[in-house]
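Among the features that TrEMBL reports, active site, proton acceptor is placed at Asp225. As annotated by TrEMBL, active site, schiff-base intermediate with substrate applies to Tyr310. Annotated domain 'Copper amine oxidase N3-terminal' per TrEMBL: 11-106, in sequence order. Annotation source TrEMBL lists domain 'Copper amine oxidase catalytic' at 154-556. As annotated by TrEMBL, 2',4',5'-topaquinone applies to Tyr310.
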Amino acid sequence: KYGGKVPYHRRPTLAVEYKQIGAFLKSQVFPSAPAFMQQVMEYDGANLAAVTAAPRGFQSGDRVTWFVLFQNVSGFFLHPVGLEVLVDHSSLDMSEWAVSRVFYNGQYYRDMVQLESAYVQGRISVEKVRKAPQDGDFSSMKPRAPAAAPFPLQFEPQGPRYRVRNNQVLFQGWSFAFGMSVSRGLRLFDIRHKGERVAYEISVQEALSVYGSNCPAGMSTRYMDGSFGLGRYTSPLVPGVDCPYLATFVDTLSLSDSLRPKKRKASLCIFEQNLGSPLRRHYSNLQSLYYGGLVNSALVLRSIATVGNYDYVWDFIFYQNGALEGKVQATGYPSSSFLHGDGLRYGNRLWEHTLGTIHTHFVNYKVDLDVAGVKNSLMAHDMVFEMAQAPWSPEQQIERPRLTRRVLDTEDQAAFLLHSKMPRYIYFAANSKNKWGHQRGYRIQITSSAGDHIPEASSMERAISWARYQLAVTRRKEEEPTSTSIYNQNDPWTPTVAFADFINNETITNEDLVAWITAGFLHIPHSEDIPNTVTVGNSVGFLLRPYNYYDLDPSIYSQDGVFFTSEQDFTACEINPLACLPKTASCLPNFPPFTFDGFRNM
């Protein structure tokens with residue numbers, strides 16, 4: 001698959017290895033500094049939690065990991081104690097594992113023995129952290145207010161208007177199949193609208209976070225969450241919060257860290273959502289008097305991956321006008337470092353000893369569009385202002401916008417660096433035309449506020465080189481199925497898959513094409529991230545929108561449309577379906593009992 005053997009040191013770190021490292025810290029490392037651990041850390045064998053950094057070293061073959069110690073309480077990610085340990089676990093013989101460095105409160109030590117010696121001799125600056133209660137105090141997610149009147153709920157007066165059969169979904173003019181990759185998470189196949197295929201595959205590829213800090217683990221962390229498993233860590237969903245209460249919940253299976261697949265109950269949900277706004281509307285008070293509109297009701301497919309401290313809400317949304325949206329919202333706990341020295345250069349103070357560390361989020365999608373057939377070309381439309389003489393008054397000048405058209409012929413032309421200017425209308429064009437003589441197309445529109453990408457001079461940049469580009473369009477190849485690999489995390493210096501190699505100036509005119517889309521945002525944690533980061537403002541993704549694909553807006557054929565004139569009786573059901581709601585939606589639905597299986601078989 002990768003053109004040669006994959007070295008064993010690139011393997012992802014599995015639960016058994018973390019358990020072995022935990023036992024190594026507890027039985028060999030911490031006992032070598034008894035006074036420090038007892039008097040400063042108040043260590044009792046269970047009150048500290050270790051969190052891994054990654055990647056693990058500086059060169060291929062390294063498996064040397066910084067572990068950050070936190071108070072083991074609810075929301076422990078916000079309770080650093082100032083101690084970090086660098087463990088060399090590269091040997092397959094655990095008796096050869098060793099501590100390479102120790103960091104405490106801004107100072108580095110050779111090992112725990114040297115730290116203990118410095119402490120006993122009084123040559124160490126001790127910053128005693130106040131012991132947190134088990135609920136975490138400020139990091140607790142327990143509501144600070146009593147329950148009051150229930151929040152609004154959606155329900156379907158005559159039942160769901162979509163159908164789910166195994167992994168197939170039908171909704172209005174849409175049909176698609178869904179799946180869950182252990183490493184990459186949510187993915188779609190054979191996406192069709194009005195019976196015609198729009199895309200062969202749309203899938204999440206990777207979620208990347210690059211951190212900054214003045215502590216060793218924080219400054220060296222570049223999490224590639226696919227290596228940990230965006231599908232493997234798909235979370236059980238809570239009805240009424242994670243998804244609407246009456247959504248359809250689907251179990252998912254994953255095979256990792258085990259000889260048997262594991263079932264995650266209700267870890268994917270499907271629902272139709274009234275977005276509370278019109279998809280389109282017009283109120284005419286000139287000439288004829290009428291109102292026409294269509295509610296924006298869309299189908300949502302959702303999963304939520306909890307990878308360590310972060311929760312990623314992954315959505316694919318299907319609109320009635322033929323548009324499809326891929327969106328991710330970030331929530332969960334911010335990662336933190338122990339506040340010391342010049343820490344405020346790398347974030348904001350969130351609590352007494354807690355530094356919320358600056359970091360970037362990047363997500364990558366594969367979008368294998370097949371617009372009216374497999375063979376497509378990439379087109380760019382934009383605008384320029386041109387000066388023109390007013391034909392009726394030649395001595396006067398008019399500045400008018402003009403449409404620009406361009407065919408992007410090669411992969412190099414279709415690779416747009418992260419913050420470079422990109423044509424505002426960029427679309428996959430078919431060989432066929434619509435009624436008005438335009439090539440049928442689907443437009444790619446990206447929503448992103450990404451931070452900066454790691455400099456290309458970095459020794460590990462090629463492993464995440466997909467993040468160089470906000471958009472790159474390449475020929476579809478069976479040997480290029482994904483933009484990255486689970487093996488890139490633990491050996492980014494010799495990446496198993498380097499996306500930059502996909503772009504080699506091949507022609508992309510009238511070919512089977514794939515769009516690789518990157519969206520992201522910069523996160524500087526602030527006090528309102530306590531106890532949790534909110535999804536508001538932390539949402540990025542892309543839209544696929546029909547562009548001359550149809551002869552007119554297909555949503556005009558929606559059965560949800562509303563139209564009435566001043567001369568009609570708009571209180572009558574046969575004229576205006578909204579007038580029927582007092583009868584058709586007068587009864588509350590029968591809500592099933594609340595269930596949640598997220599704490600079973602942990």
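Cβ atoms are placed via backbone N, Cα and C, with glycine included.
Nobody curates TrEMBL annotations by hand; they come from automatic prediction.
Distance between Cα atoms for the residue listed as 'active site, schiff-base intermediate with substrate' and Asp225 (active site, proton acceptor): 10 Å, as a whole number. A 10 Å cutoff on Cβ-Cβ distances gives the residue listed as 'active site, schiff-base intermediate with substrate' a total of 23 other Cβ atoms nearby, all chains included. In sequence order, Glu206, Ala207, Leu208, Ser209, Ala305, Val307, Tyr310, Tyr312 make up the list of same-chain residues 6 or more apart from Asp225 (active site, proton acceptor) whose Cβ falls under 8 Å from its Cβ.
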